[in-house]
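Database features, via TrEMBL:
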TRANSMEM  28-49  transmembrane segment
DOMAIN    104-240  domain 'Peptidase S54 rhomboid'
TRANSMEM  114-134  transmembrane segment
TRANSMEM  146-165  transmembrane segment
TRANSMEM  171-191  transmembrane segment
TRANSMEM  198-217  transmembrane segment
TRANSMEM  223-241  transmembrane segment
TRANSMEM  268-283  transmembrane segment
Amino acid sequence: MGKKRPGSSEDVEAAWAVEAPPQQLESWVAWLVPTFAVASVVAFAYTMYVNDCPTLHTHPSDCVFPALGRFAFEPLKVNHLLGPNYYTLDRLGALDYKKVVEEGEGWRLLACTWLHAGVVHLLANMLSLLFIGVRLEQEFGFVKIGILYILSGFGGSLLSCLSIRTNISVGASGALFGLLGAILSELIINWTIYANKCAALLTLVVVISINLAVGMIPHVDSSAHIGGFITGFLLGFILLIRPQFGWINRKHIPPGYDMQLGKPKHKVYQYLLWIIALVLLIIG
């Protein structure tokens, strides 16, 4: 028996068995997502260096911002997004159906996610990545979010390669939509721990709908968005599952706590969603 409180017949250890201290969610420092953003910026700078606009035109002044030298942008009639030309992107790893399927250059399925068509394209994607990805990495850690980002980009590239056979495609949009899809599946599989469930779901659906609508604009690779979203949605059920409210980690159990009063780590529906998502992901 443990020590008794003054003026009370209750055992201190028995009192602990009634209510255990709540656990604090672990928070990570986000470094991988900012690193991805920096890597994309560096890749774009290298793309412009390789492109070397002044040497490709009879009049170097035709380039946009010719003072930048070989980092100058192609004329707007060539690339309205302020970036390199088609051939430079294709040379450095843009997604090309013929080269991937017929020539076996599978590395393009990942390489294309680090390339961007122009400054406008790069800024839009990187701002979205930092806005969405940093919070996810802080909550779930760099390993899970890193896997989610890479595989979502790969999934987006796969669907894009099957859908677009007459043009090239570049950008991190598939990976970004994978993060959005993962946020939605995380909300669904961890439904019981959210306080304002309907408000959170409605807000997320609106954000996702707006982003998908943007993908319908001409010259935007909507197939990469859809492929990345589906991949991230399924991965979210697998990677972002949380313990149910009331579960206590054995490392934080106080002395004398009755284990029969504890809850299982996950609910049945969480296990079912995890299994279904894993099967669908493998099949896909």
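Cβ atoms are placed via backbone N, Cα and C, with glycine included.
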Stretch in 28-49, 114-134, 146-165, 268-283 most in contact with the transmembrane segment (171-191), if contact is a CB pair under 8 A: 146-165
What is the number of residues in the domain 'Peptidase S54 rhomboid' (104-240) that are helix, strand and coil, as DSSP sees it? 107 helix, 2 strand, 28 coil
